[in-house]
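Take a look at the structure set out below.
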Amino acid sequence: MPAVGGIPPSGGNRKVYPGNLTLYVTVTCVVAAMGGLIFGYDIGISGGVTSMDSFLKKFFPSVYRKKKADESSNQYCQYDSQTLTMFTSSLYLAALIASLVASTITRKFGRKLSMLFGGVLFCAGAIINGAAKAVWMLILGRILLGFGIGFANQSVPLYLSEMAPYKYRGALNIGFQLSITIGILVANVLNYFFAKIKGGWGWRLSLGGAMVPALIITVGSLVLPDTPNSMIERGQHEEARAHLKRVRGVEDVDEEFTDLVHASEDSKKVEHPWRNLLQRKYRPHLSMAIAIPFFQQLTGINVIMFYAPVLFDTIGFGSDAALMSAVITGLVNVFATMVSIYGVDKWGRRFLFLEGGVQMLICQAIVAACIGAKFGVDGAPGDLPQWYAVVVVLFICIYVSGFAWSWGPLGWLVPSEIFPLEIRSAAQSVNVSVNMFFTFVVAQVFLIMLCHLKFGLFIFFSFFVLIMSIFVYYFLPETKGIPIEEMGQVWKQHWYWSRYVVDEDYPNGGLEMGKEGRIPKNV
């Protein structure tokens, strides 16, 4: 019987395509991964400006009065405002809609066009937000930012997975998540310094500064080539063959090119990719496209990264200290993501998922205990001793590092690499849509939940971390070292998913199961 969850490739009948990690493909993937900057910058910048007094006074005066009132006796509820929540969460609803539209554009016109749309729309949103004079302008700008993120997040992970040699796909794809973390860090640093600008207009620089990462991905999408997979899908066979040789750095690409053509021919037989997603043989893929982004958001990470300054201010750090603490967590996020780049193709996806889950679970429980011990259930305000603040920040940083080398990058990598070409664009849109929907939900209810659940909010998220770790252990196959167009084979050997997939669905052979889900050394 197959080992629980593990579907490692073997050296037997697994195809091995020749190719190297060339400078060309490395530079191409690095430029494309810059699409993550816009998402990361927004996550970092928005939470920071909502902790700036000048921003709150101009757009959310009721929140500012509540925050400053001496009679306030509940630290947990000082930021509870539906208007403030709508400012932060409207972006994700727009991103959800855009990701569905992006599926058709990505499939019919190529990955890079969707990346271009993402950059242009995000740039427009940044201009409106930086010049905002009323709340409606802020929300309009956020909606345009969301459209940009929806297009970029749908296309960039696909681009990276298709462009990278299969042996290095994990590391190159995680460049997208690394760019997200760099965007968060840069935003946190800028917030810290812009908040000190006299006159209270630093928030305009923070919001308007989003133009910079938007211009990077816009220009990048104009100079990048499209992927061989996308070229073949659109009938550009000769260009695709020549491009594949350059990408792989070898002349012998016949076998891989032939397999890509066959995959494209199969995909053209599919008239309705959205409807095809519901077929029984795609049940495993669809389950992962829904479960992974759902669980990723229920780790609570966007609560930490998006609302970090607000959260730290709430638990007694003060405004400047809160912004600096957010910078510290941003630094941890970047360096921990680099660990994932090193380890994802060495240790595998499942190991990182499970280790990160255990780490996050322990840290959330400790943070909940620390906050509960300090503020209790009534949220009574008071100064936070320095040593206490250090302990809270330390365990939040350990929590962030656990996410940064597991659910952060793998939440984008695994869904983008498991889909066959005929449903890949549609399935990636499902993945992004689910991600954005639950990001919207969490952002919409977080401040309310903080007010009512208090320190129990961290217990709430830790429960889902436990559930998602169990899910990964039993239901997620190992996808390390498998060519992207061969990925369907892993489901045939899985102890559970094999009941939905038959030999006729993937007629080109199978993959053998290793003991205890371990990957043989010859991979």
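Note: Cβ is positioned from N, Cα and C throughout, glycine not excepted.
Quick look at what Swiss-Prot annotates:
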TOPO_DOM  1-25  topological domain 'Cytoplasmic'
TRANSMEM  26-46  transmembrane segment
TRANSMEM  86-106  transmembrane segment
TRANSMEM  120-140  transmembrane segment
TRANSMEM  143-163  transmembrane segment
TRANSMEM  172-192  transmembrane segment
TRANSMEM  205-225  transmembrane segment
TRANSMEM  298-320  transmembrane segment
TRANSMEM  327-347  transmembrane segment
TRANSMEM  351-371  transmembrane segment
TRANSMEM  387-407  transmembrane segment
TRANSMEM  433-453  transmembrane segment
TRANSMEM  456-476  transmembrane segment
TOPO_DOM  477-523  topological domain 'Cytoplasmic'
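On the 0 to 100 pLDDT scale, the topological domain 'Cytoplasmic' (477-523) averages 67 in the predicted structure.
Between the transmembrane segment (327-347) and the transmembrane segment (143-163) there are fewer than 3 Cβ pairs closer than 8 Å, counting only residues 6 or more apart in sequence, so the two stretches are not in contact.
Sequence-distant residue pairs (6 or more apart) of the transmembrane segment (143-163) and the transmembrane segment (26-46) include at least 3 whose Cβ atoms are under 8 Å, placing the two stretches in contact.
Of the two recorded stretches, the transmembrane segment (172-192) lies close to the transmembrane segment (205-225), with three or more CB pairs under 8 Å once pairs fewer than 6 apart in sequence are set aside. Across 120-140, 205-225, 351-371, the stretch most heavily in contact with the transmembrane segment (26-46), judged by Cβ pairs under 8 Å, is 205-225. Beyond the ends of the transmembrane segment (205-225), by six or more residues, the same chain brings 28, 31-32, 34-35, 37-38, 40-42, 45, 48-49, 52, 112-113, 115-116, 118-120, 122-123, 125-127, 129-132, 141, 145, 148, 152, 159, 183, 187, 190-191, 194, 197, 243 to within a C-beta distance below 8 angstroms of the stretch. A Cβ distance under 8 Å defines the sequence-distant neighbours of the transmembrane segment (120-140), meaning residues of its chain 6+ beyond its ends; these are 38, 59-60, 83, 86-87, 90, 98, 146-149, 151-152, 204-205, 207-211, 213-215, 217-218.
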